[in-house]
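Asks: Let me give you the structure first, and then I'll get to my questions.
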């Protein structure tokens, strides 16, 4: 790598881009932290950090699944709908206890994931369209199951949403645990390696005899299950099931987190730490704007610009 | 070039019986598949409508039909733009937001006269379409992510204009704009006539102009199109611009019809538009499609919605489930037919 | 009568890619109304030359004059507008558009209202195509036509856009004999109209049927040019392959040691009557354990297709493969791999390596499930395998964690070899295992193949390098146009015999039929 430092101006630009793609997200998080410490009153309080972390936890969990799907050169637009479905199913089956309710939620999510995966792997539909169908159908099903917001009173669920262990909210612990688990799966399992190989070069993966279809289906199921976890946690935090608005635009936040975090849309690479940092970056950005009394509409516009910039910066990465 | 003299042996289509590996019936099955792909939606529309009119007394009434026609008009205009985008092999997820933005801009602008009320949404939504097109064609970013970002940005812009959705601008009764949206000519609502005119123009542009040929060529084989001299980037920019313009116009007309710029509209409209286009026989992978099919697709969606409403026990959420399932089914059917015809 | 004008004159053209001198000081002169054969084996520089002529690449040195003017095209479109059109093997038209629209795209006739005049367009398209012997409904989409008819449409389009030079890159590779005849008729007509045709093909019969001039490239240089009639087939083949006929080598330059002891007479792999549309016509061969069977033939003779068919990645219309007496079912890649067949594909970059993954992960890719328990990869066992093979194959990488895409071609090939050896295969199919890799690595790969065969593996070796093929193989099965045309055994495994068989002269010993029946 010594020769790299000797290169001339145009290549320096490429190197800066490369650096930005890998570390830009951490620099962005650091920058926002510093800016907020300077300009935002009461930013450096434990209470504030706790609030931010609890808010970002569901996004991180959804983004983890999205990162896996994007690693296979796919995309899953149905994650928000799966969150809503999870909320509805939780409300409906909570009467039988939290655990049975969670089981039913998992079944619903696995069903959506299977449908997505089958459409992509067996029928050969483009991932965007396959998951778009489930995005609408899933949201509809959530609303059919539970037409409007319903307050939930279940102590177990309530403690899941707002309880602590060792001073950390469960939400954060679960998100952290899942992030470690997904990172482990990507790095240390057959499935993880096969996933990356398929995303990097599908013809080579097929000629090497990998179970391409099975891996793709599993990836979409995993993504749906993670979205369902996020849906249950968000519901637990709200103490209410809100299938109408829960998870709206979540697919966009998750894709942004993944892309900003340095995972290319062209597949073959999954950056879990970057994805978590990407979600944190967007959360901080939103929080900064809100704390300075800028309306939510501005955060949406800001997020749109961040996405385009991140995708633009990652543009060259796919062509190795 | 000499025409009368034919000095070379004849080469004919590959499905001649002389080609041993191709079964003799394949030409017929190819034609059947093509027919199903192109006109299947129309057949389903006729059947569903017939069944519905026998099952529900209130279905085939004049009121219900004109109502359905008017409420179809706005989606149809959006689907028209989407048809062009999808034929080039792209996708535009921002149309729902642009629809809402267009409505709000029209209502806001109506205080300054009808001209402003119509031009403002066209200008803003068209500009967002241009940006989409530039990012897709020049920067070569994936259409779905570009238009997904535009969807978010446009919705943000709309919310910023309306005090975070709290403010609903009204369109004065009796203004020309209100008349355009609410009035009717020869028993059909004005938006219906406008839609029909736009589809007529759209069909001519797509089938009978060089731009239309380029749209098909870019979607059919981008590299070959470039080699054959088609202006690939310009064509792409134009279709996204067109899609933005039409979504904005549909929003403006819808606002005129409702007499206000309602901020909660347009959610999920991109899916309905995509469904309608795909149901109408346009290939999602690009290169093949029909403007008329998209119109049939919109009508089919609206008829199904109407039927769901007629069945009193089903609430409107079922509409979403049906839409999603329907899109999945249509895409599966299309992939299957496409494989049979070796389109993909 | 004045001699026909020089329409295209190329002088001293050179092009270098990182590490490869693809074209080195090449001249080419083409006259109006001439059908000029451009031939050479893979890597000879044909496609680089074509890409330089058509504006895909820009030359490092040299000049191209076209119709007396010096030109430098920036894009293929520019070249095409100037009058140089290319007809590719894969027809570069728009399959979903109608035949007429393809023919007229960009210059459609219009009515007074500025709208496209389809009636006129269809009528004219029909008239034009009839002169090319294509009688079809021009309103139907292009993809419903056979490849031959599609090529005619491409040709008609090129001529209609006033091409002065038409480059045809392997135009007959997927045509029926009847269609080839039609193509030749049209080419002769173009010639009579004063259009120059540069004809790239490996089918000798075709070259002699239509071409008058020939330019032979080898290793990026022009090694021969002149009238085709002055060069007979065997000379043409030897010029192209760079081997003097009758040249006797005292000692081979490859690292292959030659004959292997064939311990077992039972074939470990036997392929019977493999057929695939347009590509293979009843190819049969056997490989015994410890034997290296060469697959000879020119480019496009069906060598790669045979290997792909055996490994389950090319769909067969008929035929059967058995491994160690057990018939292979399903015809899928995983099934073939499970049965012990491993293929090193010809297109290493897009079908072999997974460029973004590390050396370690690429080596372990196929064998991963065997190194895992409950889906968890045993890193120590992976390290063990990776370490073993990196040492055994002497893979040079900065570390096992370096991306494979960053390695040299030779090391990439060794990584692929390691991937398959880790699977303990019974049969190894090597498609051009040493192409594009440097001399040192080449020798290593050759030696390795030798050792593997000595260990009892059955090997199928495909190589355009005659010396490698001859010295590396115990037997050579020769293919031509997707069928077996001969087999060289024992003392007949010589370059002379191979070239004669390829050129269609004096089949060795057995007739093709016998060759098929006994192996």
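Any Cβ shown, glycine's included, is placed from N, Cα and C.
This is the feature table in TrEMBL:
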REGION    B:1-26  region 'Disordered'
TRANSMEM  B:40-60  transmembrane segment
TRANSMEM  B:72-95  transmembrane segment
TRANSMEM  B:115-137  transmembrane segment
TRANSMEM  B:144-162  transmembrane segment
TRANSMEM  B:182-206  transmembrane segment
TRANSMEM  B:237-257  transmembrane segment
TRANSMEM  B:277-304  transmembrane segment
TRANSMEM  B:316-337  transmembrane segment
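On this model, are these features tucked inside or out on the surface, and what's nearby?
Replies: Residues 128, 132, 136, 143-144, 147-148, 150-151, 154, 189, 191-192, 194-195, 198-199, 202, 206, 215-216, 218-219, 222, 235-236, 239-240, 242-247, 249-251, 253-254, 257, 266, 269-270, 272-274, 276-278, 280, 282-291, 293-295, 297-299, 301-302 of the same chain lie 6+ residues outside the transmembrane segment (B:72-95) yet bring a C-beta within less than 8 angstroms of a C-beta in it.
Residues 90, 92, 94, 98, 101-103, 105-109, 143, 146-147, 150, 153-154, 157, 171, 177, 232-234, 236-245, 247-249, 251-252, 256 of the same chain, all 6+ positions outside the transmembrane segment (B:115-137), place their C-beta atoms under 8 angstroms from a C-beta of that stretch.
Listed by sequence, the residues of this chain that lie at least six past the ends of the transmembrane segment (B:182-206) yet keep a Cβ under 8 A from its Cβ atoms are 66, 69-70, 72-74, 76-77, 80, 83-84, 87, 212, 215-216, 246, 253-254, 256-257, 259, 291-292, 295.
Same-chain residues lying 6 or more positions outside the transmembrane segment (B:237-257) and placing a CB less than 8 Å from one of its CB atoms are 70, 73-75, 77-78, 80-82, 84-85, 87-88, 90, 92, 94-96, 98-107, 117-118, 121-122, 124-130, 132-134, 136-138, 147, 171, 177-178, 180-182, 189, 191, 194, 198, 211, 215, 265-266.
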Asks: Under an 8 Å Cβ to Cβ limit, what residues of the same chain, 6 or more beyond the ends of the transmembrane segment (B:277-304), are close to it?
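Replies: Tertiary neighbours of the transmembrane segment (B:277-304) are 37-42, 44-45, 48-49, 52, 68, 71-72, 75-76, 79-80, 82-83, 86-90, 199, 202-203, 206, 216, 218-221, 319, 322-323, 326-327, 330-331, 334, 338, 343-344.
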Asks: Taking residues 6+ outside the transmembrane segment (B:40-60), which of them lie with a CB under 8 Å of any CB in it?
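Replies: Tertiary neighbours of the transmembrane segment (B:40-60) are 279-281, 293, 296-297, 299-300, 303-304, 306-307, 310, 333.
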Asks: Six or more residues out from either end of the transmembrane segment (B:144-162), which same-chain residues have a Cβ under 8 Å from its Cβ atoms?
Replies: 91-94, 96-98, 100-101, 104-105, 108, 124-125, 128, 131-132, 135-136, 168-169, 240, 261, 263, 270
